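Database features, via TrEMBL:
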type	residues	note
DOMAIN	53-271	domain 'Calcineurin-like phosphoesterase'
REGION	336-370	region 'Disordered'
COMPBIAS	355-369	compositional bias 'Basic residues'
REGION	430-463	region 'Disordered'
COMPBIAS	450-462	compositional bias 'Pro residues'
REGION	500-519	region 'Disordered'
REGION	570-600	region 'Disordered'
COMPBIAS	582-599	compositional bias 'Basic residues'
Amino acid sequence: MVSCNNLYFHPDRFYEVYTSTAEDAACHRGQGPAGMYGAETSECDSPISLVNETMAWIEHNLKDKIDFVIWTGDSARHDNDEDIPRNAAQVIGSNEMMVQKMFEAFGKHNGDENDEDPNNDYTVPIIPSFGNNDILPHNVMAKGPNTWTRTYSRIWRQFIPEAQKHQFEQGGWFNVEVIPNKLAVFSLNTLYFADNNAAVDGCASPSEPGYRQLEWMRIQLQFMRERGAKAILTGHQPPVRQDAKTLWDETCWQKYTLWLRQYRDVIISSHYGHFNYDHFLLQDFEDLEEDTKHGRMEYSLGDGAPLPATEHDDLHTSVSSDYWLELRQTWADLPKPPKSMAWPEAESKVDVTQKKKKSAAKKERRRQKKFLDKIGGTHAERFAASFISASVVPNLFPTIRVFEYNITGLEPTLGHGTADRLSLVQQALPDEESDVVTRKKDKKHKFKIPDPPSTSAPPGPAYSPQTLSLLRYTQYYANITHINNDFSSEIASNVSAQGWNEGKHKGKKPHNKDHEPQPKKFHFKIQYDTRDDDVYQLPDLTMPRLVDLARRIGDFKPVKDDEMAKREGEELLSGDVDPHGKQKKHKQKHGKPGKHTKRNMPWYTFMRRAFVETKPIEEIEEQFGR
């Protein structure tokens with residue numbers, strides 16, 4: 001099988017073992033539970049030892065299976081220590097170190113690193129993206145060319161095709177043809193889409209870098225359609241759009257989502273980082289505004305100015321319980337297929353039995369047609385998906401994700417270290433005067449709407465199993481509680497809903513700083529595989545399968561008051577008697593689901609994996625069982 005890898009780190013050279021995980025220490029000083037390979041479930045960043053061991057493990061276990069690497073940014077520590085404020089030299093040095101680590105794992109090491117072609121130094125293409133912490137101050141990037149786009153043009157010179165260097169300096173976006181004439185990976189600069197980047201203002205005005213990035217993306221996707229090639233989109237901050245949490249400016253979300261709809265025959269998948277939680281999103285094309293669908297957009301669709309950058313607004317604990325509950329409700333509202341329908345299985349199974357009377361059969365067919373109309377047909381073309389990977393930084397447990405895709409018919413063009421991987425030919429952006437009309441009397445910008453797929457074209461790889469369709473992903477994680485070998489191996493955590501989190505070992509007696517760590521052998525192990533998993537059971541990652549999984553996750557049945565009372569009564573009956581003569585309540589043992597958990601297994605499995613096994617099932621049920 002052929003696979004791609006999704007990585008992002010927050011390396012911290014100031015991390016010290018056995019320091020405090022408290023906010024004012026950040027694993028830099030004091031005495032506390034900071035372990036050899038990180039302080040799991042805390043807000044501390046990655047020690048260099050974790051970076052080294054992760055890259056070494058990848059080199060020894062995955063290198064020969066990977067065709068390209070998706071590196072979704074944030075290769076510098078957070079600015080979370082007032083005593084050691086970040087500076088440009090630290091941010092640049094941290095990124096240069098990560099490039100060196102990538103070279104140690106994937107470099108050719110054949111002595112030609114200093115020749116005139118920097119793009120032939122690696123055995124596989126590596127596609128990095130700007131993270132919001134890869135610049136200074138974090139979250140804020142002005143229109144390019146600027147100091148940061150020029151700096152990363154140098155740091156990533158081996159990854160950016162030579163023909164795109166000038167364009168990259170203009171805005172920090174590029175693409176790489178990872179399978180010649182077949183597949184390209186787009187690196188998007190999501191800082192220009194971000195709602196809290198105070199230096200830019202959305203994607204409506206042609207003067208904004210977000211607008212120009214989307215125009216570049218439109219032209220390139222059209223060019224790929226004409227060549228019969230496909231695309232994978234990558235970036236750092238995902239297109240989250242909720243009442244509980246929003247990351248993108250609405251004008252950028254609207255245009256980007258329109259592009260996903262219009263180029264659904266070209267785009268295979270979208271991959272993002274930033275959130276640290278393992279999950280996925282569905283973008284509903286019904287959320288497109290009528291003006292957007294007609295190529296018109298007001299200057300701003302939001303309710304005010306861009307949000308200012310705050311100190312910890314990008315840490316994983318800033319996602320409250322409301323985010324997950326709102327996501328579940330959105331999926332609970334997805335259309336449900338009639339019981340007579342086998343969707344998303346083969347169409348041949350979507351037939352009513354011949355034994356039914358004609359009137360009943362006709363009514364059943366109407367129900368099936370109504371359902372298919374609601375979801376965009378048999379292939380669920382009303383939606384697009386974004387995969388959000390958890391990170392290597394141990395805000396939870398360190399993770400790595402490997403995707404596999406269908407290579408049927410591609411075998412002659414593949415091969416590790418392929419020397420003739422070509423960059424996509426770049427076309428200049430159209431002149432703004434000829435392609436857009438701005439500031440009309442209605443104060444709405446007009447933009448070119450991409451053509452939809454041809455009516456005679458079959459569904460794309462994102463919607464129907466075919467060459468380049470994603471087949472599965474395997475999620476790996478490192479249980480550093482066990483590997484650090486310093487504290488209890490229980491998986492109980494103190495992950496809070498908001499603010500700084502000190503980690504799961506808060507209150508436990510740490511070792512003295514002069515103690516010699518005795519960690520176990522570092523390794524990643526499989527957490528789950530989407531195809532072989534007992535709960536997900538996804539034959540592939542096409543849209544019908546993902547929509548059906550989302551529907552199953554959203555099909556949640558909350559525990560009723562009488563059920564809760566009965567369960568609490570049973571717990572009291574089975575309790576011991578304390579010294580005061582009162583019976584003790586016994587919590588479920590870790591990992592043992594109750595009846596309520598079993599009937600909502602898709603939801604609880606999804607949440608357990610979102611937190612990378614750092615929350616016990618009873619805690620998930622208590623927090624997310626309402």
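Just so it is clear, glycine is given a Cβ too, placed from its N, Cα and C backbone atoms.
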Contact set, same chain, for the compositional bias 'Pro residues' (450-462): CB under 8 Å, 6 or more residues outside the stretch: 218, 221-222, 230, 258-259, 261-269, 379, 381, 384-385, 406, 468-470, 542-543
Chain residues in Cβ proximity to the compositional bias 'Basic residues' (355-369) (below 8 Å; excluding those fewer than six residues from its ends, i.e. six or more beyond): 337-338, 340-341
DSSP helix/strand/coil residue counts for the compositional bias 'Basic residues' (355-369): 12 helix, 0 strand, 3 coil
Per-state residue totals over the region 'Disordered' (500-519) - DSSP helix, strand, coil: 0 helix, 0 strand, 20 coil
Mean predicted confidence [pLDDT] for the domain 'Calcineurin-like phosphoesterase' (53-271): 95
